[in-house]
Amino acid sequence: MQSFKAFITKEFKQIYRDRRTLLVLFGMPIIQMLLFGFAIRNEVQNARVMVLDSSRDEVTRQLVNKIDASNYFSVAGEIQDINNIEAIFQQGEIDEVIVFENDFARKLERGGQPAVYVITDASNPNLAQLIQQYSSSIIVDFQHRIFPAVTEGGGITTHANMLFNPQLESVNLFVPGLIAVILMLISTLMTSIAITREKEMGNMEILLVSPLHPSQVIIGKVLPYLVLSFINVLTVLIMAQWVFDVPFRGSYSLFLAESLLFIFAALALGVLISTKADDQQTAMMVSLAGLLLPTVLLSGFIFPIASMPQVLQWISNLIPARWFLVIVRSIMLKDSNLLFLWKETLVLLVMTIGFIVLSVRSFKMRLE
């Protein structure tokens, strides 16, 4: 019995001395609770709204103010031309457009049925449905408070209009998101073990006397994975269209070019991880455990970023998949072009350059 107690004591001491084990035991649960607790939210918060008010009377102004005063919506401005609505949604900066018909207040006061058109971006069908429900609820509450004596046959009529995915098929949300998540994880994982494998096999000494520049070594490591990852792009794109029947309304050449840029970013991040890690196991753990949860939860793949706390929104800006996800959905479902996607493309380009520079510097330090 004494030997058994000594054995248990020894195990506790070993765990206490192993910082990695302690980090996994106590750090991971805290991180997971924070991520899941704050990121998984089904309610709408700060949805961005624009208004097309053809009536411009006191009633429509009060209704717009009520919508803006809620915690669910933020009125971003006005639209002057109904023909610009689709282009505004293609920019990805707006979640909803509310359109009031002419003579809105007069029709309501006379017991008529003035129309409010609630237009949402259904490329995210779950969010679009929630926005429609929240908007309708606010409109009904407004009518009961301001015009409680409206006749049974009258009252505000709300018309819902879903753009880009009118059938609200959830596959149109998840499959484009899966493309971004799969490419991110696979590309990063493949290259994260590239240099750590060389260290474990004892080939670093060969690289030390090699005439190759560190950037050439990194390019040589990355190039085969770049080709293989691009084949993965073609594979998942074919599966998205032929297996899941997801529409593709945009430019194939733009999609492939953006995918290539994203692959560069993911591969460069993987190389950076491999230069910092001491062994393949550590590199794989960082690539999978360290990237899987943030990529799935904070990229907008499942949960809207606008509903997350401000701190998590800032963190999400550091995740490459967050920007590529917008690009994929916009090209496939909205037929958006580079004019609407220049910001996301620029962010990915800066990230790619940054990862490459950090990788080369880190590799130089390793060689020295």
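Every residue number used here counts from 1 along the chain in the order it is shown.
Including glycine, each Cβ sits where the backbone N, Cα and C put it.
Automated prediction, rather than curation, is the source of TrEMBL annotations.
The feature domain 'ABC transmembrane type-2' is assigned by TrEMBL to 132-366. For 21-40, 173-195, 222-244, 250-273, 285-305, 340-360, the entry in TrEMBL reads transmembrane segment.
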With Cβ-Cβ distances below 8 Å as the criterion, list the same-chain residues six or more beyond the ends of the transmembrane segment (250-273) that contact it, or say none.
180, 183-184, 187-192, 194-195, 218, 221-222, 225-226, 229-230, 233, 237, 283, 286-287, 320-321, 324, 327-328, 330-332, 334-338, 341, 345, 348-349, 351-352, 355-356, 358-359, 362-363
Six or more residues beyond either end and a Cβ under 8 Å away: which residues meet both conditions relative to the transmembrane segment (173-195)?
123-126, 165, 221-222, 225, 228-229, 232-233, 236-237, 240, 244, 246, 259, 262-263, 266-267, 269-271, 273-275, 277, 280, 283-284, 286-288, 291-292, 295-296, 299-302, 320-321, 324-325, 328-329, 332-333, 363, 366
